[in-house]
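Database features, via TrEMBL:
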BINDING   ARG46, ASP103, GLU104, SER105, LYS145, GLY162, ASP163, HIS240, SER241  substrate binding site
BINDING   HIS116, HIS141, ASP142, HIS214, HIS240, ASP273  Fe cation binding site
Amino acid sequence: MTITLLVENPEFGVAAEEKGFNQESELVLDGGFLVPYANSFGHGFRDYDAESERQEGVERFYKLNHINQTYDFVKKMRKEYGQLNRVEMSIWECCELLNDVVDESDPDLDEPQIEHLLQTAEAIRKDYPNEDWLHLTALIHDLGKVLLLPSFGGLPQWAVVGDTYPLGCAFDKSIVHHKYFMENPDYYNPAYNTKYGVYSPNCGLDNVMMSWGHDDYMYLVAKENNTILPSAALFVIRYHSFYSLHRSDAYKHLMNEEDVENLKWLRIFNKYDLYSKSKVRVNVEKVKPYYLSLIEKYFPAKLQW
């Protein structure tokens, strides 16, 4: 069962609203969440041109990603991993696995992923205390990064992390490091390189093949294990790395009415997903009971992965 949530004029946007400053040069969002001006490396968030120790590696990552993510590759990955025959475990067990994962595509963070998950979830919990489904969504949105681990096939980083985008139609210019798509065979395929490609107007993003990675994998895990999270949660999980949509408004011609409503929640979520990447530590044992209660509410005790 899925539930569609409607949001009436929520406060969201590409840029955080400036509602005040403190002495540490931070922005204040809707409910008091503090947004730092700089990431862990002292640069602006998602600044792919700033010089830092990670930038060269990040660009190298996107070159591999843009060359190798093809329509046929994604079909193969979805068929293989959609079988969910790797392991049986709980949501929290999967959270603990992420202690060994660092996302090489992220220019803002070099901490273990479990820290980011809890930072995001706790920030949202503070500002949206009544939306417990959104708290849990924040906790689990990156769990698909276990694909990097040997027990899940040890996929290369370019097949797990980074910004996502549709396959089967033209690559929008707003996608970061777009120039490397010129080395992707789909770029020259007349079936895939037009505005709509293999799709029809307003077909719905659920019918669109997205580049393969942790987003799509966790979406499949949640959906096939019969979660009772609302459709907005599944939308956030699958499209939270789809920056060309929720930052640049690309690909809106493929969206249906339900997508339009769910995009409002994704934009709310995104500012916390992006700006909560900080050095502030979360007391895991203190917040664990709350999140275990949400997991029990929305998921079976054990899931197939």
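The first residue you see is number 1, and the count goes up from there.
Each Cβ is built from the backbone N, Cα and C atoms, and glycine gets one as well.
What TrEMBL annotates, mapped onto the structure for a quick look.
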| residue | record | contacts (Cβ under 8 Å, 6+ apart) |
| --- | --- | --- |
| HIS141 | Fe cation binding site | LEU117, THR120, ASP215, MET218, VAL236, ILE237, HIS240, PHE269, ASP273 |
| ASP142 | Fe cation binding site | LEU98, GLN113, HIS116, LEU117, HIS214, MET218 |
| SER241 | substrate binding site | VAL161, GLY162, ASP163, THR164, GLY213, ASP215 |
Exercise. Can you list the residues of the same chain, besides HIS116, HIS141, ASP142, HIS214, HIS240, ASP273, whose Cβ falls within 8 Å of the Fe cation site's Cβ centroid?
Worked result: LEU117, THR120, ALA138, LYS145, ASP215, SER241
Exercise. Which number gives the other C-beta atoms within 10 angstroms of the C-beta of HIS240 (Fe cation binding site), all protein chains shown included?
Worked result: 24
Exercise. Near the Cβ of ASP273 (Fe cation binding site), how many other Cβ atoms are there if near means within 10 Å?
Worked result: 22
